[in-house]
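A.B. asks: Here's the feature list from TrEMBL:
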type     : residues : note
TRANSMEM : 7-25     : transmembrane segment
TRANSMEM : 45-63    : transmembrane segment
TRANSMEM : 75-93    : transmembrane segment
TRANSMEM : 99-122   : transmembrane segment
TRANSMEM : 134-154  : transmembrane segment
TRANSMEM : 170-188  : transmembrane segment
TRANSMEM : 232-250  : transmembrane segment
TRANSMEM : 256-277  : transmembrane segment
TRANSMEM : 289-305  : transmembrane segment
TRANSMEM : 325-343  : transmembrane segment
TRANSMEM : 364-384  : transmembrane segment
TRANSMEM : 390-411  : transmembrane segment
């Protein structure tokens, strides 16, 4: 059974790798692609599309556990993958109505996909393997940052404009990747219900000692998720656009969007492997990893503040007009990409780990609430990203990142206290 569970975790990660090779790359370049369209009838905004996705995503999470329970995690992920593929296909022949319609549909699909994924991952894990499996899945998922963005770099490097044929070829490639990921869910194996994630004795013990702490811990976790998801919108949709709009990078700017996405992915993979696979909770505390993530993001935010013009997120038909404190450096920009990816992996591997541990017997509603809070925060961030100068966006990330880290410490302390109580 252990081999079957490992197989399922690997296939799950591979499926998400292909689907998010398409979607993550799309999100990274979406606003840049929209800005390059020479179609007078198209009036969409990449930021608004992503905001709609995460807004619909948030409220769809309220129904997602019911759907997953009725039709099963495997079928849910397959159907959700089809919705992701439909969104990617819109960019081949873009129109405003289909752009926003599929933004709504993929928001529904995302809620179903991630709720089913969280349930399936916990179902195929034990208390002793949840951290390992989380890291394994996260590392595979973040490989999705590499391949699509490599294509972007090879195709866009040295170009100041994105041609129609170039756009179509890119999104045909991404569409094929998304369809392959969707089909991979069909080869997942069903877990036997009689072989529980935790032994019955262990599960009952955990439940009896934690019940009185869950309500307080849940409140703190909501704050933690809110703060950590603002940086999702920044590195996945805003930072690449900022690099592409920086006039100082000249014709290399568009190609740097792809390289930036790759380097973010490398940071995610390094963090997922290091903290998810190599670190054990008993030897290296979750709070230490999250604190490291906060420090890494503070450093990245400060360097971005110095290196990127503050009007980079808000310019539309032109490049930046303002000068940053330093002469913009591609090396510093890519270093910041790595730090953003590394910090994000610090947060996410530990959030998944503590959710799988605290809510081992209630994984579906726990992951649905988790994604609900995440997506509300990301939706708000995407809607203000096209209007707020970079300086203010970075200030929000720093302040809320600090608050989120404190909330995580509170949750971890509650769990330590509950385990201490169990000893008496």
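Including glycine, each Cβ sits where the backbone N, Cα and C put it.
Bear in mind that the values here come from a model prediction, so they are computed numbers and not experimental data.
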A.B. asks: Need a quick answer: max count of Cβ pairs under 8 Å to the transmembrane segment (256-277), which of 75-93, 99-122, 134-154, 325-343 is it?
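C.D. replies: Stretch with the highest Cβ contact count: 134-154.
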A.B. asks: Considering only Cβ pairs within less than 8 angstroms, which of the stretches 7-25, 45-63, 75-93, 289-305, 325-343 has the most against the transmembrane segment (390-411)?
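C.D. replies: Comparing 7-25, 45-63, 75-93, 289-305, 325-343: 289-305 has the most Cβ pairs near the transmembrane segment (390-411).
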A.B. asks: What stretch of 7-25, 45-63, 325-343 shows the most Cβ pairs under 8 Å to the transmembrane segment (134-154)?
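C.D. replies: Between the candidates 7-25, 45-63, 325-343, the best contact partner of the transmembrane segment (134-154) is 7-25.
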A.B. asks: Which residues, given as numbers and ranges, are at least 6 beyond the ends of the transmembrane segment (170-188) yet have a Cβ under 8 Å from it?
C.D. replies: 8, 11-12, 14-23, 25-26, 74, 77-78, 81-82, 84-85, 88-89, 91-92, 120, 147-148, 151-152, 155
A.B. asks: Taking contact to mean three or more C-beta pairs under 8 angstroms, with sequence separation of 6 or more, is the transmembrane segment (75-93) in contact with the transmembrane segment (7-25)?
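C.D. replies: Per Cβ check, the transmembrane segment (75-93) touches the transmembrane segment (7-25).
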A.B. asks: Would you mind listing the long-range same-chain contacts of the transmembrane segment (325-343), meaning Cβ under 8 Å and 6+ residues beyond its ends?
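C.D. replies: Same-chain residues near the transmembrane segment (325-343) but 6 or more away: 142, 145, 231, 234-235, 239, 243, 246, 248-249, 252, 256, 259-261, 263-271, 293-294, 296-297, 299-300, 303-309.
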